[in-house]
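K.L.:
Structure in structure tokens, see below.
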Amino acid sequence: MDYATLLQVLDSTVRLATPLLLACLAGLFSERAGIVDIGLEGKMLAAAFFSAAIAAITGSVWLGLLAGIAAALVMSGIHGLASITFRGNQLISGVAINFLASGITVLIAQDWFSQGGRTPSLMGGGRFESITLPFAEALRGVPIIGPLYYELISGHSILVYVAFLMVPLTWWILFRTRFGLRLRAVGEAPEAVDTAGVSVVGLRFAAIAICGLLTGLAGAYLATGLQAGFVREMTAGRGYIALAALIFAKWRPWYALYACLLFGLLQAVALRYQNIDLGGFIIPVQVMDALPYILTVVILAGFVGKAIPPRAGGEPYVKER
Amino acid sequence: MDKMPAWADAVLVPLISILLAAFLSALVILAIGENPVEAFKLMVDGALMRSTGWGYTLYYTTNFIFTGLCVAVAFHAKMFNIGGEGQAMIGGLGVALACLFIPFPHWSVALIVATLAAAAFGAAWAFIPAWLQAKRGSHIVITTIMFNFIAAALLNYVLVNLLRPVGAMEPATANFPAATHLPTFQDMFASEGNPLFRGSPANVTFFLAVAACVAFWVLIWRTKLGYEIRAFGHSESAARYAGISPVRITVIAMLISGGLAGMMALNTTMGEAERLVLNATEGAGFIGIAVALMGRSHPVGVFLAALLFGFLYQGGAELALWTNIPRELITVIQALVILFTGALDNMVRLPLEKLFLATRRRSS
């Protein structure tokens, strides 16, 4: 493999890791506040459809982005209503959200566009254009560093840079602000937060609102950045891979970045090479598909370091009387 | 004192939840510019008014009984098995291997052996998550989700690289030999003058599913093991004090659950397709969640809920055929049922409890 090919694979790793990273950080906020979210997939899917649909109708990708975020926020609201207000089972609520998004997107797409559950292809202002960073053209001729800067670091859409900036921002919010401390506390010991006079319900709703915002960005990137339009089931299990990455990262922001890059790399390699030939020993493409899930099971089983989730995760909070 | 009489808990709460889901579904149909009453009539017409429609309805029902019981048995042990889909896929592999490589003299022998193979393969796929949950404390929901994806990749590999006949493009096995073909309802009930169930896929596995319901009831409410499963589900610490091993119950309950999911493959793979295809399960493993929630994890409830979803599936196919409403409407209804009977249970239950308390206070 030469340098140019390596850069191409890494470039597509960055593109494919972006939706994973946004969804993974979304799940991080939610789960750190004690709300288990297996509905990441559904929120992304809803956001992908509404961003593409509104972008196709209005021709403005920014309006599309807003619509996508709004759709993901509505889904988050349903999850919050079920799991915070009515203290229902968070897992079941997440499953319901995934199915709701899977069905309703195709239903509305068929009603609005009559193209078999897809949106028209987005063109021009309906998509996020790639941004060429300063000096990218000028530095292109410089050996090694030039192509690296031009191919890998420059030339992505704005949401990619937003996603990567979200990592330090998430770290700062969670570990350096009062809000972050309270948010982590509500996922570990909600009764203590309640005793301190801070609203558990309010904090948890804030957490899932952030989760909705980030899954909205993730879905919008899928439909208007990575691809040009919505097709049915276009998230293709990315929400679950993000969930896997979250466990892999043991609910920490920087590790989430590494996990998402790793899983993005696996996807990029699986996309580019069907079967990998290691000198007579062939790794089938299905192994690459399954690897994120297998790694997660291994991590969860505690064979490679223990993954300990937030203590109050999945438990509805009942105030003592 | 109970807050509500038992009948209200078992019948009234699910009924109101389903009515809410139906009402919202009707709104969805209205919103996409179709008439919900007309749509419902079409569904009833296509699914229940002709014997062929019933043949399809009962075919889907069979799938959902198995996957519903699969989720229900795990619910009794207070576990959430989302892995029915993957367990059914691997169960299908067991069926295919049995049917392809054992020369059976008669379909009845083939059915028995294939049932054992399907249950064994499905149970084996559930065993690893169960063991990891019991021994290593990894959450069963996450591991079973992961195992669904691993199962899909594994099945893909096996079909593309190992079991696909030479020269075939489609990732599927060869057709099963004729001796393993199960009698359909048409074979059993149609006569010269009375062509019932023509061309519909319902087959003898339906009776197996009904038998599984009865066996499920006996197991959960009439055996020591069932008592232990329920005790474990109600309170793990109490069960441990009573000398019930949490590891044993977790593993056994999940083995039964996976076995039931695997047996679903008998219907789709052996009964209908007569070969193993890539997407044999068609999401039935997930519908089992809705069925178990709606049926309150009781076999009678599971049977009725499976029948309802069988009707919805067949009716939804008819709708997609005759109107502009895509099949995904059923996915939306399924989501609403899971939402209202599962996650938003308290929204219906709490006002009802208040109502019953108020009437009781007035009468006393």
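First residue shown is number 1, and so on along the chain.
Positions of Cβ are set from backbone N, Cα and C atoms, glycine also.
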K.L.:
Among the residue ranges A:12-30, A:126-144, I'd like the one that TrEMBL describes as transmembrane segment.
P.N.:
A:12-30
K.L.:
Is it the case that the transmembrane segment (A:12-30) and the transmembrane segment (A:158-175) have 3 or more CB pairs under 8 Å, with pairs at least 6 apart in sequence?
P.N.:
yes
K.L.:
Same chain only, please: residues at least 6 beyond the ends of the transmembrane segment (A:42-59) with a C-beta under 8 Å from a C-beta of the stretch. Say none if there are none.
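P.N.:
Residues packing against the transmembrane segment (A:42-59) from afar: 19, 23, 26, 65-72, 74-76, 94, 97-102, 104-105, 108-109, 112-113, 119-120, 122, 124-127, 211-212, 215-220, 222-224, 229-230, 233-235, 238-239.
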